[in-house]
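Peer 1: Pasting a structure below so you can have a look.
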């Protein structure tokens with residue numbers, strides 16, 4: 001028989017679910033079968049489709065064919081899932097085993113009436129109301145356990161809309177154990193993924209794109225806690241928690257989704273590593289090469305596979321010099337050769353090949369040579385006589 005505490009806990013969960021149902025309010029909009037660029041108030045995709053009209057994205061409709069797995073539906077993960085949902089992603093798979101608490105309310109997305117619900121269920125209900133066109137699967141379990149790890153691998157390898165592997169995995173977890181589990185799974189499955197994180201003091205964060213065998217995985221250069229194999233749970237103290245700013249988490253989530261869209265829709269450049277320091281507004285970027293002696297055997301195997309693949313050399317695009325667009329004009333403007341700056345614009349300046357001046361260098365008119373065109377004429381006067389003449393001027 002259940003204890004009083006268990007029954008009270010169950011009552012709270014049922015009350016939370018009832019509050020969530022009541023909060024849904026009016027009916028959801030009807031599903032939209034085809035994305036349209038028509039600019040009307042009732043079209044939620046018109047501004048997204050404008051990216052296609054402006055030449056940023058070739059085919060935005062492809063996003064409805066994509067499947068993304070979000071692991072961790074906390075401060076970063078919930079906002080990431082919301083952004084992807086609003087962008088019209090085809091399918092979203094959510095993983096988390098935690099429950100919504102009132103302490104989560106500073107992290108955006110979740111609402112007080114959802115306290116007590118599992119994060120994935122609360123997120124799925126809210127996201128489905130935002131965009132009913134998105135297929136959402138929610139998995140409420142810890143991926144780091146042996147049994148659940150295999151379930152996780154099966155889901156990301158067969159959970160797409162077509163029954164194959166997902167297009168991208170986004171790690172939004174807050175511990176190294178879960179990151180290592182995602183890293184292991186993606187290395188084994190040759191699955192591309194993004195790792196993200198926010199510092200404990202909430203004023204810095206990062207995202208990292210990981211392509212097994214091509215870029216450094218999470219085990220190639222692990223944090224000290226991972227490298228020394230310390231149990232993270234022993235580092236946590238009662239009554240002490242990490243700081244959390246919704247601004248920092250929103251920024252990191254924005255970077256994460258922005259680069260995910262660039263990868264999925266093939267536009268722009270995907271950043272391999274992007275950091276963020278809120279105190280100095282510093283955004284470092286870099287590329288990380290895989291470690292040949294990585295502890296992860298699957299990572300080393302993927303590196304060997306990439307090494308044996310024939311390199312594809314891209315032919316250089318040859319463009320024809322068409323000259324100035326408007327050679328003749330009504331304003332008397334003439335165009336000089338870009339690689340031949342006029343000599344009079346930069347007297348005495350020697351430029352190496354490929355270097356141009358951005359402006360003309362002014363001649364110093366204060367020197368006698370510049371004003372008279374030669375040296376000052378010799379004078380028989382002494383220094384005292386010259387000073388006396390200057391005083392009388």
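Counting starts with 1 at the first residue shown.
The backbone N, Cα and C atoms fix where each Cβ goes, and this holds for glycine too.
Pulled from Swiss-Prot, these are the listed features:
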- 241: active site, glycyl thioester intermediate (ACT_SITE)
- 75, 96, 119, 142, 175: ATP binding site (BINDING)
- 217, 220, 294, 299: Zn(2+) binding site (BINDING)
Peer 1: Would you kindly give the Cα-Cα distance separating residue 96 (ATP binding site) and residue 217 (Zn(2+) binding site), rounded to the nearest Å?
Peer 2: 22
Peer 1: Determine, to the nearest whole angstrom, how far the Cα atom of residue 75 (ATP binding site) is from the Cα atom of residue 220 (Zn(2+) binding site).
Peer 2: 26
Peer 1: If one measures from the C-alpha of residue 220 (Zn(2+) binding site) to the C-alpha of residue 142 (ATP binding site), what distance in angstrom results, rounded to a whole number?
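Peer 2: That separation, Cα to Cα, works out to 24 Å.
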Peer 1: Given the binding-site residues 119, 142, 175, state which is nearest to residue 294 (Zn(2+) binding site) when distance is taken between Cα atoms.
Peer 2: 175
Peer 1: Which residues, in sequence order, are found in the same chain with Cβ within 8 Å of the centroid defined by the Cβ atoms of 217, 220, 294, 299 at the Zn(2+) site, excluding those residues themselves?
Peer 2: 183, 187, 216, 218, 219, 290, 291, 295, 296, 300, 303
Peer 1: Whose Cβ, among the binding-site residues 217, 299, has more other Cβ atoms within 10 Å than any of the rest?
Peer 2: 217
Peer 1: Taking just the CA atoms, what is the gap between residue 299 (Zn(2+) binding site) and residue 175 (ATP binding site) in Å?
Peer 2: 21
Peer 1: Taking the Cβ of residue 294 (Zn(2+) binding site) as the centre, how many other Cβ atoms fall within a 10 Å radius?
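Peer 2: The answer is 20 other Cβ atoms.
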Peer 1: Give the residue from the binding-site residues 96, 175 that has the most other Cβ atoms within 10 Å of its Cβ, counting over every protein chain displayed.
Peer 2: 96
Peer 1: Under DSSP, is residue 119 (ATP binding site) part of a helix or a strand, or is it coil?
Peer 2: helix
Peer 1: For residue 142 (ATP binding site), what residues in its own chain, 6 or more apart in sequence, show a Cβ-Cβ distance under 8 Å?
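Peer 2: For residue 142 (ATP binding site), the qualifying residues are 97, 148.
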Peer 1: Among 75, 96, 119, 142, 175, recorded ATP binders, what is the largest CA to CA distance in Å?
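Peer 2: Result: 17 Å between the two most distant Cα atoms.
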